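Record features, source TrEMBL:
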{"type": "DOMAIN", "residues": "51-93", "note": "domain 'Alpha-D-phosphohexomutase alpha/beta/alpha'"}
{"type": "DOMAIN", "residues": "126-180", "note": "domain 'Alpha-D-phosphohexomutase alpha/beta/alpha'"}
{"type": "DOMAIN", "residues": "240-316", "note": "domain 'Phosphoacetylglucosamine mutase AMG1'"}
{"type": "DOMAIN", "residues": "330-479", "note": "domain 'Phosphoacetylglucosamine mutase AMG1'"}
{"type": "DOMAIN", "residues": "516-569", "note": "domain 'Alpha-D-phosphohexomutase C-terminal'"}
Amino acid sequence: MASSLRLDDALRSAAQAYLKPPGFRPFYGTAGYRALAPLLPSTVFRCGVLMAVRSLLLDAPTGICITASHNPAPDNGVKLVEPTGEMLTRSWEAHADSLACAESTEAFLAAFAALLEAEGIVLPPSSSSQSHAGVYIAHDTRPSSPGLAEAARVGAAALGVPTHDLGLLTTPQLHWAVARTAPGEHFNEDDYFAELAGAYAALVSRAATGGGAEPADGGAEPADVSVTGRAPLPSTPTVLHVDCANGVGAPKLLALADRCTAAGLHLTLHNTGEGALNGRCGADFVQKARLLPDGLEGAGPSYPCCSLDGDADRIVFFVPGTGAGLTLLDGDRIAALAALLCADLAAALPRGLSPAIGVVQTAYANGAATRYLTEALRLPVTVTPTGVKHLHAAAHAHDVGIYFEANGHGTVLFAPAYLLRLKEFVQAGANADDEDPTIARAVESGRDLLALSLLVNQTVGDALSILLLVVVALRRRGWTLEDWAGIYRDLPSRQSVRSVADRSVIVTADAERRVARPAALQPAIDAAVAAAPQGRAFVRPSGTEDVVRIYAEAATQEDADALAAEVSDLVALHAGGL
Ligand SMILES: CC(=O)N[C@H]1[C@@H](OP(=O)(O)O)O[C@H](CO)[C@@H](O)[C@@H]1O
Ligand SMILES: [Mg+2]
């Protein structure tokens, strides 16, 4: 009793230093909280409290990453991580909102008590000396991030839960750290780099000795990792210009690429922090505007390029071309390439070990991509609402679940039970020391798939992992980016946004493909779509920005543009356009 009173006092006095701005109503959106940074200290402090409670309940460390990802530099945000390294479980999003939105300190304490009651939690824990509770905290490069990380620390510390400040990390590194750091150990960033680099080296070296096509550059050579200004290198898939969005991906990719020296990875990094974070650069800009990012004007028309976003959990590839536009290789195409790679690697496995592969997309996936996956590759495709929390959950249904949003956010998930079977098979093969070339090839395939499960961050989409996956896949097939672009032709599409007075008036259904409310909007969209050859369009309120998003595709770019413009006007008409 006495200690729970002390805890209440500690929480009250800590909360007094983090008062919520009056009228600010944060809500847990597509990927946590985002807003202008000065609004956020109370929200982040309360997230610190929430994740400390979650950690005490599960008796395992949780994580908090301070980032607003692809948003402009003045914004910030917070992403919350389960002990498994996955995103905060959906059922706790409402708890997060009830803490974050409490108007006063007393209201916050009442919301906190209600959370404990609802989850049947008694604080403080009975055996705290044995506790594995803790909160790992990391942040991106925004100037506001260290201050917000401190708010998270104070929140967790108010409950007596130890915090571990991991400093500057990409979002996926923090997820990886939470999942992979054993109780009582400290996260060592080198372990992360070593795991990715080791898996990459294994996959490209085996490619050179038989598992697939010869690497396009002829095999291992010294790496050339440089920043803006290096002379261009020959155009092979292992030579990439990387737009780092002026974010945290730049130093981290530099460190990773340095470890890929022996495996012949040549990266030329641009937008490494000299300009504005996500300012006319980065994965979101390139994917939505379809324009060359600032800083890459010097890249030749046929150079392979890619762009990370501000917290390096997304990546898209592109070839600049000669005109204003570029050839974009987006998340849909990464999913297709990942599926081809998995099928290539699994081809030599015995039938019983062949993985059931499935792909998860959102409504933003290009219709041509979905057709390629279902018709050419004959893979099952599931569609979920926007936000990787939805895709990630659906991908768990497969032995190998490949999920990507069109914007390049995604990963390849291996089911733990399938990995176990693979490991047993590889182990048995190694022990048997079999000379039979069919069995030797099968064992090598098993090893490759195991290496792929290490190369690809299993907790969340990771631009660094996916960069290496794409290079591995292209090298094994001996493909250029143009070869990859040729597997199907995208239907012309257009994305736009519209401001309305209150975007929450739009309620969607059927994985966001239809509008349920306002009632008159969907019939109007249907009529516009029916008039456009091969037309498809949908609208939804953004979960990260105060806008309604509009997507349209059609047989020609003009038709897609016209359909998007018409649907945008319908949104304004029926949903209170400004
Ligand atoms: C169309 C689009 O790209 N939407 C993005 C964007 O969400 P919105 O809810 O659409 O704002 O940010 C999310 C978080 O990064 C990402 O998961 C999602 O795909
Ligand atoms: Mg991001």
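From the backbone N, Cα and C atoms, a Cβ is placed for every residue, glycine too.
If you take every residue in the domain 'Alpha-D-phosphohexomutase alpha/beta/alpha' (126-180) and average the pLDDT, you get 93. The list of residues near the domain 'Alpha-D-phosphohexomutase alpha/beta/alpha' (51-93) in space but at least 6 beyond its ends in sequence, with Cβ under 8 angstroms from a Cβ of it, reads 28, 31-37, 40, 43-44, 115-116, 119, 121, 123, 125, 131-140, 142-145, 148-149, 152, 155-156, 158-159, 161, 164, 169, 171, 174-181, 183, 245, 248, 276-279, 282-285, 309-311, 313-314, 388-389, 392-393, 458-460, 544-545.
Note on the domain 'Alpha-D-phosphohexomutase C-terminal' (516-569): DSSP counts are 23 helix, 14 strand, 17 coil. Residue counts of the domain 'Alpha-D-phosphohexomutase alpha/beta/alpha' (51-93) by helix, strand and coil are 12 helix, 13 strand, 18 coil (DSSP-based).
Residue counts for the domain 'Alpha-D-phosphohexomutase alpha/beta/alpha' (126-180) under DSSP, helix first, then strand, then coil, are 26 helix, 11 strand, 18 coil.
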